[in-house]
Amino acid sequence: MTTSCNDTTCLVTGLYGDDGVLPVRAFAQLDKRGSTALVDAFRQVPSLVWLGPTIGLSLTSALEVIALMGIVVSFLQLVLKSFRDFWWYSLSLVLYFSIYQVGQTFMWFQWDTLLLEVGLLTALTAPLRLPFLVESGPHTGLTFWLVRWLLFRLMFASGVVKLTSGCPTWWGLTALDIHFESQCIPTPIAWFVHHFPSPLLKLSVVMTYVIEIVVPFLFFIPIKNLRIFAFVMQVIFQLAIILTGNYNFFNILTTVLCLSILNDSHLKSHSSTASNTELKPKFLMPKLMTKVITYFIYFSLIYWTIHLFNINWNAGTLSISVNFNNNELNQFILWALPISISLATLSLVSNILKAFSRCLILPTNGFTRVVNLFYTTLYVSAVVFMFCISLVPHVSVDPTHSVKLWPVIHR
């Protein structure tokens with residue numbers, strides 16, 4: 001590996017070149033460059049990398065070209081609005097997926113699969129820019145809902161698996177005692193946090209459980225203050241991880257996903273009604289009832305956190321310990337999974353109805369209204385399909401519960 005090449009070329013050559021750590025040529029195992037070999041390669045591992053030999057490039061060079069194309073397209077999407085549509089985001093997804101397919105061990109991290117799913121949802125949410133189709137069409141809130149559902153599944157699963165793993169450090173609330181010195185690439189701040197008092201680190205573990213397992217249920221609550229509370233808690237949690245550790249773009253991407261918890265009213269925007277993803281709380285319930293529910297949820301969060309983790313302050317000492325066992329955890333999961341699916345289904349149905357209602361009130365001529373109704377129907381079908389297949393990994397945190405899904409969803 002030379003120092004005269006750019007970072008991307010050096011990285012690809014060092015990892016996937018003929019003399020690299022995991023040569024892509026060895027992964028491909030192609031002895032010929034004929035059309036039959038190309039078709040077989042696509043069937044086994046779909047990737048644009050296999051097109052390289054057909055245009056005179058080695059597999060490593062093709063991988064470099066795809067990576068550079070991804071960098072250029074991403075930069076253009078960042079600086080120019082005209083590149084932020086379904087077609088360009090789909091191209092970004094295909095480019096990254098092509099690298100992911102041959103990336104082997106170095107691309108099999110959680111943040112890689114997360115970025116692929118986010119890329120697909122981004123393409124669905126971005127404007128199609130087709131004739132007679134409203135740019136921020138009636139379907140926008142519906143596809144944006146999928147991002148929120150992804151965030152919920154990500155956070156809920158991240159919290160639950162810490163306990164279902166049976167790890168004694170998570171059950172003993174001592175995981176952070178060793179986390180900051182054993183994680184990938186700790187930051188300078190991690191050294192100071194590592195030396196926090198043990199009770200404070202235990203309390204941080206408790207807050208991790210609350211933020212990852214309980215707070216996500218507020219994502220679907222149609223009450224502004226609760227949604228803002230959930231958003232703030234998630235962002236603070238992600239920023240704390242970013243400040244104390246380096247997990248690539250994982251936490252930055254998760255922070256961006258947190259924007260799906262909000263809508264235009266939360267951001268005090270007065271944009272078109274097509275981009276508002278939900279009805280305002282005052283139309284759903286009286287103001288007094290909204291306050292009662294809000295304070296009740298706040299009180300319940302505090303009470304059950306104290307109760308479930310035996311948080312006591314005695315003689316100037318903070319004592320914290322888990323006050324539930326594995327059987328009670330399993331019962332909670334068996335209760336929480338159907339509740340989460342029910343809440344998500346109600347929220348999805350609500351967004352579907354609002355999407356169709358917006359089609360009928362578009363301030364356009366009848367033909368444009370019919371076209372948008374057609375496209376909205378297609379988007380509804382895609383969103384319902386993606387929601388159904390997402391239920392399979394969602395319920396996998398408890399294998400005994402996954403069998404209760406419809407067999408057609410598993411297939």
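Keep in mind that glycine also has a Cβ here, set from the backbone N, Cα and C atoms.
TrEMBL annotations:
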type     : residues : note
TRANSMEM : 55-79    : transmembrane segment
TRANSMEM : 86-103   : transmembrane segment
DOMAIN   : 107-268  : domain 'Lipase maturation factor 1/2 N-terminal'
TRANSMEM : 200-219  : transmembrane segment
TRANSMEM : 226-243  : transmembrane segment
TRANSMEM : 288-306  : transmembrane segment
TRANSMEM : 332-353  : transmembrane segment
TRANSMEM : 373-392  : transmembrane segment
Per Cβ pairs under 8 Å, the stretch of 55-79, 86-103, 200-219, 226-243, 332-353 packing most closely against the transmembrane segment (288-306): 200-219
For the transmembrane segment (332-353), find every same-chain residue at least 6 residues outside the stretch whose CB is under 8 Å from a CB in it, and list them. 141-142, 145, 149, 152, 156, 160, 164, 213, 217, 220, 277-278, 324, 380, 383-384, 387, 391, 394-395, 397-398, 400-401
Please work out the mean pLDDT for the residues of the domain 'Lipase maturation factor 1/2 N-terminal' (107-268). 91
